[in-house]
């Protein structure tokens, strides 16, 4: 019999011509639907009714395991599956039972095959449901949620036809309440809802000091919204699209559940060859956060398989950053913990004919279409002997590798599993001269630790096939790898290589230079870990790569520091002010609230003497429209003192520059209120203040179109300003590195580790308000 025209075949199933043409554009779907329709015609003849056609289309578009197509089409064609509800149950059943053979008796029971629900049963179930809600129905009448009645009746009669249930509900409600009256047609008042929404908005966003709005801090599960909520349950790995099953899968999953007790297990697996950056913060939050949200555990596993690039300081710094962000690893492990097991598995892989020793050089393997290895089909015994020779150091670096026999998604053929490296390892010393690659190590370490959800950034998607293949080739437990989009920031570079170039060029001091977006740099600048976590939460977890503006991160920083950084006063460009009629023979102690908006958080004292210092920019000899601070004829208040000062005399130096102001003071409540109150210091400490701006001038400094000269040509010459002679009040005298303050009217500042006795150094973390020019 000739194969009918596909368009005619699809329209014969009840699809519109447009829908049929659209389906034909999808090769996989059209192939599957064609097979389903052709098989159904063998049972039903050339004419297929629309209801059956709809089920066949639903099957073809939703079935992931094509091995089950013929089995399910048979049930549809023979009218054993005749409702959408049954089809959904059937699809869920085959997804949950990936291995042959299918228990047909169990399958039919779970899918309602042969179950007949009579009109009388529907009538009785609906009547029982209505009786349960009768009092409320009589009060609310047609405003009552009919969906609730439908849902309860459906639950009582799982395989009943939905339309029949709805018709019965409508009929019995009409019989109980009678026809709708005018009052039933009125919409429910929305006053309560509007008030609730207003309350929610006030709860979510509080107006805070300096006119800013504090953003809502997202909960852990809100952070894990989107794709992450579709994750499989532990032990149900096979329900994940694309997961590869073997005859051993279900037994291995059973053993896995016995070991883990159904516990969620994740891991954060950094390479110890550099410092973590803001993108890693998302990975840390996702891995640790997902485990925590599900009462699970998260490993910190160092992928230490590149001994020549690893340094002890990176291990320490990575652990410090994970704990600084507020997470405690269940266990700290190393890929090197498993070197013996990994080697034994490599030998087993060769024995199974799935790996071979190759002598192609690294340069021969590069490019899009490298030549196939002439050693791919060498005898197993020969590869075993050569691999042992590699382990014993009988090959020079680059002379031999162990390669796996598979083709990856990106077309890369036979990835390398082991290579020769004559570099002592920081943990194993000179025990090994062969080291496993990421492609070989990653999935097997996940398997050893019984990771349930292996969460990776999107660039590792091309390695998913090798992940599943390797675990299955060795018949070991196979976790699920799930990829999500990286988090990037504009005006930043985070590549280890490029940061080293910045350091070498003198553009930054080191990995922790506050202008960088490494986590050590952000900590040094004064970014609280809670702010970084909140930022990651707001970004969320999606498959798409995300590039964010730095000002969004800075907004999260302000939200946290506004509530946690006590206030102090500092003057960047000091101008001396002498109060000629100071009201006391000695300095007064001024009580200043640590947090003006919440005085329950305590106070600190600062001295107020006859000589104070104000910002030079807070004085102008001639006032101008809009200017409210100190000028001739325009007094100004001194914050927290209760006093107002008025200019009497300007003292100039030999160059004509203003050196000192002589003023008189009065109580603020003894006359007209001044237009402004300014900050000041008296008997202050001298300090160094470092003001930071963006390191790069363009959004995408690595883009050759935007920055043709390369990222080093895009440096902002004004990214750092050092003020040596700044003054700060004595309340910060005992501050330690990383202590944070809000300097009133100036911004948030953090004590730098460069501070020493007698010289405090402050880094400006962020300004008080976002600079509109930065958006």
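We number each residue from 1, going along the chain as drawn.
Each Cβ is built from the backbone N, Cα and C atoms, and glycine gets one as well.
Now, the feature entries from Swiss-Prot:
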type	residues	note
BINDING	271-273, 277-283, 457, 486-487, 494-496	ATP binding site
BINDING	303, 438	L-glutamine binding site
MOD_RES	2	N-acetylalanine
MOD_RES	70	phosphoserine
MOD_RES	309	N6-acetyllysine
MOD_RES	495	phosphoserine
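Recorded features from Swiss-Prot, shown on the structure.
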| residue | record | Cβ contacts under 8 Å, 6 or more apart |
| --- | --- | --- |
| 70 | phosphoserine | 35, 39 |
| 271 | ATP binding site | 302, 303, 304, 306, 309, 310 |
| 273 | ATP binding site | 306, 309, 310, 311, 314, 496 |
| 278 | ATP binding site | 487, 489, 492, 494, 517, 518, 519, 522, 532, 553 |
| 280 | ATP binding site | 270, 321, 519 |
| 282 | ATP binding site | 486, 487, 536, 539, 541 |
| 438 | L-glutamine binding site | 303, 305, 463 |
The answer, for which of the binding-site residues 457, 495 has its Cβ ringed by the most other Cβ atoms inside 10 Å, is 457
Around the Cβ of the residue listed as 'N6-acetyllysine', other Cβ atoms found within 10 Å total 14
For the binding-site residues 303, 487, the largest set of other C-beta atoms within 10 Å encircles the C-beta of 487
Under a three-state DSSP reduction, the secondary structure at residue 303 (L-glutamine binding site) is coil
Simplified DSSP label at residue 282 (ATP binding site) comes out helix
